[in-house]
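Quick look at what Swiss-Prot annotates:
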type	residues	note
ACT_SITE	40	active site, thioimide intermediate
ACT_SITE	47	active site, proton donor
BINDING	62, 63, 64, 81, 82	substrate binding site
């Protein structure tokens with residue numbers, strides 16, 4: 001097993017590395033993860049997406065290698081577009097407890113269908 005595969009396989013979301021946020025100002029962190037992959041729970045075919053994460057930290061920020069490894073744990077999981085983005089959103093919201101957070105999954109078209117899933121803490125239903 002290669003070292004990257006080992007790191008992904010052994011990654012434990014419960015022990016995801018987060019750091020204290022020592023900044024006195026409010027600010028937004030924007031992270032783009034252009035190589036997201038999961039497997040369709042129906043067909044098993046791979047689905048690819050770019051994940052856009054934006055959040056206003058309170059007491060914690062995510063360590064960048066930790067978010068990379070966490071995102072890569074979805075690579076061989078059978079999970080829908082909706083479930084994957086909701087899981088990422090809920091995990092980061094629970095771990096970081098940010099003042100505000102938004103997670104967007106912009107999935108590559110498959111079968112002539114393009115899907116964008118968005119979860120955000122300030123969601124207002126029209």
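Every residue gets a Cβ built from N, Cα and C, even glycine.
From a predicted model like this one, the values you see are computed outputs, not experimental measurements.
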Around residue 81 (substrate binding site), which residues of its chain at least 6 apart sit with Cβ under 8 Å of its Cβ?
38, 47, 49, 105, 107, 115, 117
Measuring CB to CB from residue 62 (substrate binding site), give everything in the same chain under 8 Å that is also at least six residues away in sequence.
16, 17, 18, 19, 31, 92, 95, 96
Quick one: Cα separation, residue 64 (substrate binding site) versus residue 40 (active site, thioimide intermediate), in Å?
26
Whole-number Å value for how far residue 40 (active site, thioimide intermediate) lies from residue 82 (substrate binding site) (Cα to Cα):
11
Is it possible to get the count of other C-beta atoms within 10 angstroms of the C-beta of residue 47 (active site, proton donor)?
21
What is the separation, in Å, between the Cα atoms of the residue listed as 'active site, thioimide intermediate' and residue 63 (substrate binding site)?
28
For a quick check of packing: other C-beta atoms within 10 Å of the C-beta of residue 63 (substrate binding site), how many?
13
